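Undergrad: There's a structure below that I have some questions on.
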2 protein chains.
Amino acid sequence: MPSKKHIISDLGEKKLIHRIIKKTHNLQQDYYSKHPLIKKSLGDDAALMDLSEIGPSKNFLVVSSDMLLAKTHFPSQMSPRERGWKIVTVNVSDISAMGAIPQGLILSIGLPGDMEIRQFDELMDGVLEACNYYHIPLLGGDTNESSQMVLSGTIIGSVEKSKALMKSGARPGDIVAVSGDLGLAAAGFEILLSSTLDQDKIKSILPEKIIKKVIQKALKPQAKIKEGIIAAQSGNVTALTDITDGLASELEEILKASDLPLGIRIYEDKIPLPDEVKKIGEFFSKKPLDMALHYGEDFELLFCIKKDALASLKDKIKLMVVGEVTSTGNMEIVDKKGNINILPPGGYQHLEG
Amino acid sequence: MPSKKHIISDLGEKKLIHRIIKKTHNLQQDYYSKHPLIKKSLGDDAALMDLSEIGPSKNFLVVSSDMLLAKTHFPSQMSPRERGWKIVTVNVSDISAMGAIPQGLILSIGLPGDMEIRQFDELMDGVLEACNYYHIPLLGGDTNESSQMVLSGTIIGSVEKSKALMKSGARPGDIVAVSGDLGLAAAGFEILLSSTLDQDKIKSILPEKIIKKVIQKALKPQAKIKEGIIAAQSGNVTALTDITDGLASELEEILKASDLPLGIRIYEDKIPLPDEVKKIGEFFSKKPLDMALHYGEDFELLFCIKKDALASLKDKIKLMVVGEVTSTGNMEIVDKKGNINILPPGGYQHLEG
């Protein structure tokens with residue numbers, strides 16, 4: 001009776017991950033009694049390992065893994081070189097969200113047997129271009145045959161134990177800020193995924209420079225590694241994550257990760273939505289705000305910052321304040337008229353995407 | 001002109017990996033000038049990282065990644081739980097081949113959206129059963145939708161800097177030994193992949209106990225982590241690798257990794273080929289010897305051992321001597337009549353499998 005079957009796409013990615021974490025918590029209890037940190041960081045942007053046992057260290061090892069699949073993650077226009085760049089960037093972004101310094105990348109790949117060697121070389125050129133850009137070595141990996149391209153990266157980094165930044169840690173009164181404009185990558189993907197007819201239309205409406213900018217942002221994003229490291233060193237950031245699934249989804253993650261009954265209030269007119277996002281959103285009749293709240297892919301960072309430290313941190317990195325941490329227990333967005341509305345988490349769900 | 005296209009399946013996995021390593025060597029030269037170890041271990045069973053820069057340590061961090069795909073690696077009879085067990089085992093085996101102690105696993109998975117939640121839970125049960133068996137935590141990972149099941153693991157371990165064992169390091173006169181019987185997994189896969197008619201036939205010829213044993217070996221292999229650690233601690237093992245692609249292929253890896261013009265001579269009558277492998281091989285008209293030389297999947301270890309230390313190491317771990325390291329530059333096998341023949345490397349090629 002197929003209709004009776006419970007399948008994982010009914011759950012979606014977040015519930016599936018929650019299910020894995022719950023099961024892991026149950027089955028690895030014995031381990032956690034000796035290693036509480038492992039339990040604490042499971043489900044964060046990256047895992048934190050205390051290396052003290054294998055040698056004294058003032059640092060945590062920071063490890064994270066991200067997989068990209070052709071059908072789910074790569075628009076057809078994305079070149080092999082851009083795909084190679086992106087698998088490195090998504091992984092680096094995960095540890096930048098811990099304030100960590102990247103130390104190396106492992107890459108396992110599955111490729112169609114009929115992939116041209118020329119394309120394969122371009123893919124690896126993109127991987128190594130990104131590794132060199134982020135100053136990390138490619139440490140190793142595995143190659144396999146796969147009907148569709150699968151790129152699975154694991155990034156290894158380090159962060160001073162006292163400085164590591166997790167999703168948890170925000171406090172009422174903290175300032176909520178992002179590291180840059182939101183929605184640009186979403187705008188780029190809208191164009192890339194649209195019909196050639198629409199593409200011709202929008203090219204006739206908007207200057208080429210703008211089209212190029214948003215498509216570049218979609219095809220070749222850059223992880224905010226410097227900003228993460230500075231945030232961690234400052235000691236004034238209470239929670240940090242990278243915005244891969246949209247601002248709303250990441251704000252929810254911050255609330256969920258906290259032991260306190262936190263709330264967050266953001267302000268529509270403070271969200272950094274560039275004109276090009278508004279124009280492109282309107283062209284495709286998408287609400288520009290949704291492209292910032294529910295799309296992601298910009299790889300900007302989301303900070304919770306001690307109020308009195310905002311100014312000093314602003315001198316060091318680009319920060320755009322979008323709201324504050326509250327104790328209401330709600331996620332709220334204040335619209336341009338000043339009305340307070342509940343902000344639905346939503347966010348991009350890979351298993352549904 | 002498709003006929004003119006050069007595609008990666010023309011190369012096969014080993015040439016493809018060699019291509020990646022060569023390109024990486026070219027593009028990351030600047031990095032290697034400061035970190036020669038990273039260059040040295042690229043292409044070995046696992047990467048070695050010197051953590052001194054992020055805190056003093058008497059240990060190397062050992063990192064390796066292995067990906068398994070349903071179509072390429074999993075016979076249909078393999079249960080979700082067995083698949084989960086195997087992705088952990090193949091990764092643990094890679095660092096056992098460095099003499100390392102496993103410290104944690106990262107797992108990224110791609111799954112069909114219509115996979116039953118029940119099966120998903122079994123998959124994760126297998127992963128966590130294996131993690132607990134090898135005493136490692138599941139550190140994190142990523143989930144995605146994929147047309148076929150993709151499991152990509154990254155294992156992190158540690159080994160004393162002075163004890164780490166690589167493929168390089170063998171010296172003429174060293175004893176070549178393996179950690180256990182060879183060909184059992186191959187025999188199991190022969191049965192699993194055969195027609196139901198053949199399966200019924202062989203079940204009528206061989207005792208159920210034997211069938212169960214070889215199938216178990218194929219579906220639920222175990223990494224020889226203890227043997228690797230003891231080998232490293234002994235200080236008397238000069239080279240170590242795990243046998244995943246067949247004895248011949250791994251012997252070739254040992255020769256390639258050496259700076260010396262080494263040769264290896266093994267003896268047909270010394271290769272531990274259990275009777276069940278001979279019987280099953282003959283039934284499927286496969287040369288039993290080939291099942292040991294060119295199949296792998298047993299996850300046994302291959303040791304090169306200082307001659308005078310063999311006895312003391314034999315007291316601590318199971319060792320089966322198969323030959324010795326020479327300086328002839330050739331891979332040789334001595335047949336049962338005493339004739340010396342050249343041993344072709346061959347081995348299982350994932351991209352052709």
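Cβ coordinates come from backbone N, Cα and C, glycine included.
A TrEMBL annotation is a machine prediction, not a hand-curated record.
According to TrEMBL, the protein has these features:
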- A:43-159: domain 'PurM-like N-terminal' (DOMAIN)
- A:ASP45, A:SER64, A:ASP94: Mg(2+) 4 binding site (BINDING)
- A:SER65, A:ASP66, A:ASP142: Mg(2+) 1 binding site (BINDING)
- A:ASP66, A:ASP94: Mg(2+) 2 binding site (BINDING)
- A:HIS73, A:GLU297, A:TYR348: substrate binding site (BINDING)
- A:GLY141, A:ASP142, A:LYS167, A:THR244: ATP binding site (BINDING)
- A:171-335: domain 'PurM-like C-terminal' (DOMAIN)
- A:ASP245: Mg(2+) 5 binding site (BINDING)
Undergrad: Can you list which of the binding-site residues A:LYS167, A:THR244, A:ASP245 come closer than 8 Å to chain B, going by CB to CB distance?
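TA: Listed binding-site residues meeting the cut-off: none at all.
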Undergrad: Find the one among the binding-site residues A:GLY141, A:ASP142, A:THR244, A:GLU297 whose C-alpha lies closest to that of A:ASP94 (Mg(2+) 4 binding site).
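TA: In terms of Cα distance, A:ASP94 (Mg(2+) 4 binding site) lies closest to A:THR244.
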Undergrad: Out of the binding-site residues A:SER64, A:SER65, A:HIS73, A:ASP245, A:GLU297, give me the one sitting nearest to A:GLY141 (ATP binding site) by CA distance.
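TA: Closest by Cα distance to A:GLY141 (ATP binding site) among the binding-site residues A:SER64, A:SER65, A:HIS73, A:ASP245, A:GLU297: A:SER65.
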Undergrad: Which residue among the binding-site residues A:SER64, A:SER65, A:THR244 has the fewest other Cβ atoms within 10 Å of its Cβ, if you could check?
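TA: Fewest other Cβ atoms within 10 Å, among the binding-site residues A:SER64, A:SER65, A:THR244, is found for A:THR244.
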Undergrad: Could you tell me which three-state DSSP class A:ASP245 (Mg(2+) 5 binding site) falls into?
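TA: Its secondary structure by DSSP: coil.
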Undergrad: Name the one residue among A:ASP45, A:LYS167, A:THR244 whose Cα is closest in three-dimensional space to that of A:SER65 (Mg(2+) 1 binding site); these are the binding-site residues.
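TA: The smallest Cα gap between A:SER65 (Mg(2+) 1 binding site) and any of the binding-site residues is with A:ASP45.
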Undergrad: Residues with Cβ closer than 8 Å to the Cβ of A:ASP45 (Mg(2+) 4 binding site), same chain and 6+ apart in sequence?
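TA: The answer is A:SER64, A:ASP94, A:ILE95, A:ALA97, A:MET98, A:MET166, A:LYS167, A:THR241, A:ASP242.
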Undergrad: Which ones, of the binding-site residues A:ASP66, A:HIS73, A:ASP142, A:GLU297, have a Cα no more than 10 Å from the Cα of the residue listed as 'Mg(2+) 5 binding site'?
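TA: Among A:ASP66, A:HIS73, A:ASP142, A:GLU297, the ones whose Cα sits within 10 Å of that of the residue listed as 'Mg(2+) 5 binding site' are A:GLU297.
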Undergrad: Pop the Cα-Cα gap between A:THR244 (ATP binding site) and A:ASP66 (Mg(2+) 1 binding site) into the table, whole Å please.
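TA: Distance (Cα to Cα, whole Å): 12 Å.
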Undergrad: Among all the protein chains here, how many other CB atoms are within 10 A of the CB of A:HIS73 (substrate binding site)?
TA: 22
Undergrad: Measure from the Cβ of the residue listed as 'Mg(2+) 5 binding site' and count the other Cβ atoms within 10 Å, all protein chains considered.
TA: 24
Undergrad: At a 10 Å cut-off from the C-beta of A:ASP94 (Mg(2+) 4 binding site), count the other C-beta atoms across all protein chains.
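TA: Looking across every protein chain shown, the total is 31.
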Undergrad: Is any of the binding-site residues A:HIS73, A:THR244, A:GLU297 within 10 Å of A:ASP142 (Mg(2+) 1 binding site) (Cα-Cα), and if so, which, in sequence order?
TA: none
Undergrad: Do you know offhand how many angstrom separate A:THR244 (ATP binding site) and A:GLU297 (substrate binding site) by C-alpha?
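TA: For A:THR244 (ATP binding site) versus A:GLU297 (substrate binding site), the Cα atoms are 5 Å apart.
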